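To keep things clear, I will list the structure first and then write my remarks on it.
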Amino acid sequence: MKWSLLAVVITHTIFSTGVHSHILRGSPVNSLCDELIHPAGYSCTEHTIQTKDGYILALQRVASRNQNLRLQFGPPVLLQHGLFMAGDVWFLNSPEESLGFILADHGFDVWVGNVRGTRYSYGHVTFSQTDKEFWDWSWQDLAMYDLAEMIQYLHSIANSKIFLVGHSQGTIMSFAALTQPHVAEMVEAAALLCPISYLDHVTAPLVERMVFMHLDQMVVALGLHQINFRSDMLVKLVDSLCEGHMDCTDFLTSITGKNSFFNASRLEYYLEYEPHPSSVKNVRHLFQMIRKGTFAQYDYGLLKNLLIYGLSKPPEFKLSLIPASLPMWMGYGGNDLLADVTDVEHTLAKLPSKPELLYLENYGHIDFVLSTSAKEDVYKHMIQFFRAKRRSSNL
C-alpha cells in the first residue's frame, strides 16, 4: 500500500477513471517515429547517442508534413520531457495541438530527447535494466550527462546554437546543465514550461503527505531501485489503492493541482504511452529538495558527502552561473501545485537575467503539455520568443 502511494504521488501522468486497471500493462513496441510521428504524416529519423557514463539514449528528428519548409533545416530545437514521461508526450494530441508537430510545421528542426530509463532509451554499455547499478542516478545525472550530451550532439549536427524546451523535470535538468559554461554556450535561448528549481512550497496534498511520511527512505530500505508503473506488482497495488480506498478520478488534482484544459476522454490513449520508468534515487532526490528547500546535488549523508563532494552537505546548483546573456522564457500556471508560484518567484530572484514570462492563472501542471488550447495559450508565445531571438533565420 505504501509503495503504491509513493508511486502515485510522484508521477506527473494521468490515471484512468474506468472500472478496469488504472495503469495499463501494455506499452509501445516500436520506435517513437513508428508509433506516433510517421502515422501523423511527418518525416522522422531515429538517432542514438552514448553518455559519458555509458547510457544509450534515443533522439528523434522530426520534419514537417510540408516538405517545402524542409528544403533547408530551420533552427534546431530540443524538447526535453518531464518525470515519468518520454519524448512521446510532445505528440500525444493531434498535429494541430501537439508542440512537437507545431514546431515542425513552423519550420523548426525538431529534436526529441528521451532520458535514461525510459522505454525509448533503455540501454547501457555494461549494465542491464535488472542491475541495481543501472538505476543509480537522479536528475542531476540526467542534467550533467543526458541533456549535456544531447545538446552537444545537436550542436555538432546543426553547426549552430540550439533552442531548448523543457517541461517540469526537464526544467530542473535545464537549469542545472546551463550552470555549466560549455553547455550554456551551445544554447541560443531556453523556453521552460512549469519551471522548477526550488520545491519547498509544493502544496499538492498527496505529495506533501508522502514526503512527510518519508516513504522514499522506506523504499530504499526495501532494496528497490526502479519505479516501473507497468510492473504487475505496481498495477495490483495501485488498483487496490483505488478500489474502495481513494477516489482515483481526483488523483491528478491531488498530485499536480487542477488541470482544466486537457481532453479527459483521451486518458486511456495517454496511458498507452505514459508512464515511463524512473529511478528510486531520482524520486528521493526530489523529495530531498522539498524537505530542505535547496536546489542542490544528491545528499548521500554526512560521511558519503565528505567522500564524494569533500563537503558535509551537497553543493548547490547556483542559478547565478547561468549567463545573463542567455535569453529565457517561462510559462507557468496558477493551478500548478508542483511548480508553485512562490517557488517560481524564488527561481526568478536567483537568475542574473529577467526571463520573459507567461502566467496563466487557470493552467495546471499537465495543461502545458496536453492542453487542447495550448497552441494559442502557450505555444504561439514561445514561437514568437524563438523567432525574435533568431531574426536572421528563414522562419
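From the backbone N, Cα and C atoms, a Cβ is placed for every residue, glycine too.
Summarising the annotation, TrEMBL assigns signal peptide to 1-21.
The domain 'Partial AB-hydrolase lipase' annotation in TrEMBL covers 34-93. In the domain 'Partial AB-hydrolase lipase' (34-93), helix, strand and coil residues by DSSP number 16 helix, 22 strand, 22 coil.
A simple way to gauge crowding: the CB of S168 (active site, nucleophile) has 28 other CB atoms within 10 angstroms, across all the protein chains here. Residues or ranges marked as active site, nucleophile by TrEMBL: S168.
Marked as active site, charge relay system by TrEMBL: D336 (among others).
Taken from TrEMBL, the feature active site, charge relay system applies to H365 (among others). Taking the Cβ of H365 (active site, charge relay system) as centre and 10 Å as the limit, one finds 28 other Cβ atoms among all the protein chains shown.
For the domain 'Partial AB-hydrolase lipase' (34-93), the mean pLDDT of the prediction comes to 90. Of all Cβ atoms in the protein chains displayed, 29 besides its own lie within 10 Å of the Cβ of D336 (active site, charge relay system). Cα of D336 (active site, charge relay system) to Cα of H365 (active site, charge relay system): a distance of 5 Å.
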